[in-house]
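Residues or ranges marked as transmembrane segment in TrEMBL: 43-62, 74-93, 100-119, 139-158, 188-207, 213-233, 329-346, 366-386, 406-425, 445-467, 488-508, 533-555.
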Amino acid sequence: MDGKMSWTVSDAVDSKGLPADRSKTGGWVPAALILGIEIIERLSTMGIAVNLVTYLIGTMHLPSATSANTVTDFMGTSFLLCLLGGFLADSFLGRYKTIAIFAMVQAVGTGMLAAVTKLPQLRPPPCHSRNSCVQANGFQMGILYLALYLIALGTGGLKSSVSGFGTDQFDEKDEKEKAQMAYFFNRFFFFISIGTLMAVTVLVYIQDEVGRSVAYGICSVSMFVAILIFFSGTKRYRYKKSMGSPIVHIFQVIVAAFRKRKMDLPHNVCLLYEDTPEASRIQHTEQFRFLDKAAIVGQGDFKNNDLALNPWKLCSVTRLEEVKMMIRLLPIWATTIIFWTTYAQMITFSVEQASTMRRSIGSFQIPAGSLTVFFVAAILITLAVYDRLIMPLWKKWKGKPGFSNLQRIAVGLVLSAVGMVAAALVERRRLSVARAVGGTTTATLPLSVFLLIPQFFLVGSGEAFIYTGQLDFFITQSPKGMKTMSTGLFLTTLSLGFFVSSFLVMVVKKVTASNGGHGWLADNINSGRLDCFYGLLAVLGVMNFVVYLICAAWYKPKNAKSGLQMETIDASGSSAEQKC
């Protein structure tokens, strides 16, 4: 019996619902089948996003600011829908079904986008002169939006489950498979970068030189093939039972605390309800005491007077402490949003800048959207330098294996602000050349596109630090039962960053063009003052960094020890309470 049990995974089942046989399920082969879906998702989403602004301006004849906002709204919605995908996976569908359903949604969306960009009835007629351009009508834009947001829905559902389902194929309790899981994470991020690199080079080139409908059709067919490959591993996957949605658990604590808002807290915290096993308990803390009322035992808290409690009336101390831990993450969460607002400029206005500059190398014309290859290269170079140079030096100097997660976030914020300063300086140079050679009538300015490399490289390096820092912070500093929720919280910073970009563009355009002039964000980029907009983002970045330092200083004393020791730390900075 003992030998037989050693071949099963305790917390996973196979496709038939039986205990998962370690020799027949899980491991590298099923994980690799899952990775295929992620590669195609990155290829599709980034291939569309980095070159969409040129299509909206050049083919649909939308104003510059409107085109930029369309792209940022699309990306923001994609990341925001990760919360929906995570909720459905945790509460109803499970990760396998969630991946299958939303992968199909994205495949249909990219197929529809291929048709939209192919049919002449779904776009306005070409411009014969600048004054004769007809903007796309409501019906044409409506069909385009339908295709884009189907893709966004598919992206959100996939992102919420792919990495989690991949790690489900490894048993954390087995030392060999635990090491393989860490290797899987490395390969997961590597393949994300490969997908992005293919998107901004090969796919963008096909869009510009062959046709957008062909490029998007390739994405759709590739996703259908990836889905078939994914289904081929159904019998080899390990499936883990859902523990319920963390979002529901959070609302249960809030509702229970609100219902008992008029009750007095006991002087002895030992009188608060706790049913969590001793090994998994989180020690009570003094911060956010209003939530403690959710653990006061009152009349009617148990169903039918038996031991089954009503979670909307009574929660354990551990459950409410998990909610407190999530609340403590919010200041850091809020101060990282501005980075992704800066990031949004790299796939919108920076691409539009590139479209006006000289991009040829000999007879080869670099697509404007492919300039983001320097962004991806900066990420890969920065990660390599950090891993091979900075980490060993830091360990030798400080005795620690690299920067802490909060330090990495700080470095990312600084680099993004410096990147916006560089972008503002380059844009001033570009505008001066545009005015000197004729302003708005010149299609290509006598200025090398490679002047944009510093802003791409600085913000790209910043992403390498802030992405890894945020992911590490939200995973290690969150409760064990809310890892999916904390990952979703991290992804909402990307979403809100894009939405803040759209809001800023709308406000700046309205305020600066109020006197009848072109304003900072003119319909023609050569008539505006994009340098001032970049300068504004640099100032906001510096102000945000100061607020971040305050929040980081407030947070660190609360977590002097590792997340595994969290249960013994009093969040108010005082010594741990005596166990009840």
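Numbering starts at 1 and runs along the chain as it is shown here.
Every residue gets a Cβ built from N, Cα and C, even glycine.
For the transmembrane segment (213-233), the residues of the chain that approach it from at least six positions outside its boundaries are 29-30, 33-34, 36-37, 39-41, 43-44, 47-48, 99-100, 103-104, 106-108, 110-111, 113-115, 117-118, 203-204, 206-207, judged by C-beta separation under 8 angstroms. Here the transmembrane segment (329-346) does not lie next to the transmembrane segment (188-207) in space: the count of CB pairs under 8 Å, restricted to residues six or more apart, is fewer than 3. Residues 328, 331-332, 334-336, 338-339, 341-342, 345, 349, 406, 409-410, 413-414, 416-418, 420-421, 423-424, 427, 504-505, 508, 520-521 of the same chain lie 6+ residues outside the transmembrane segment (533-555) yet bring a C-beta within less than 8 angstroms of a C-beta in it. With a cut-off of 8 Å between Cβ atoms, the residues of this chain six or more beyond the transmembrane segment (188-207) that come close are 35, 38-47, 50-51, 163, 166, 214-215, 218-219, 367, 369-370, 372-373, 375-376, 379-380.
By the count of Cβ pairs under 8 Å, the stretch nearest in packing to the transmembrane segment (74-93) among 100-119, 139-158, 488-508 is 488-508.
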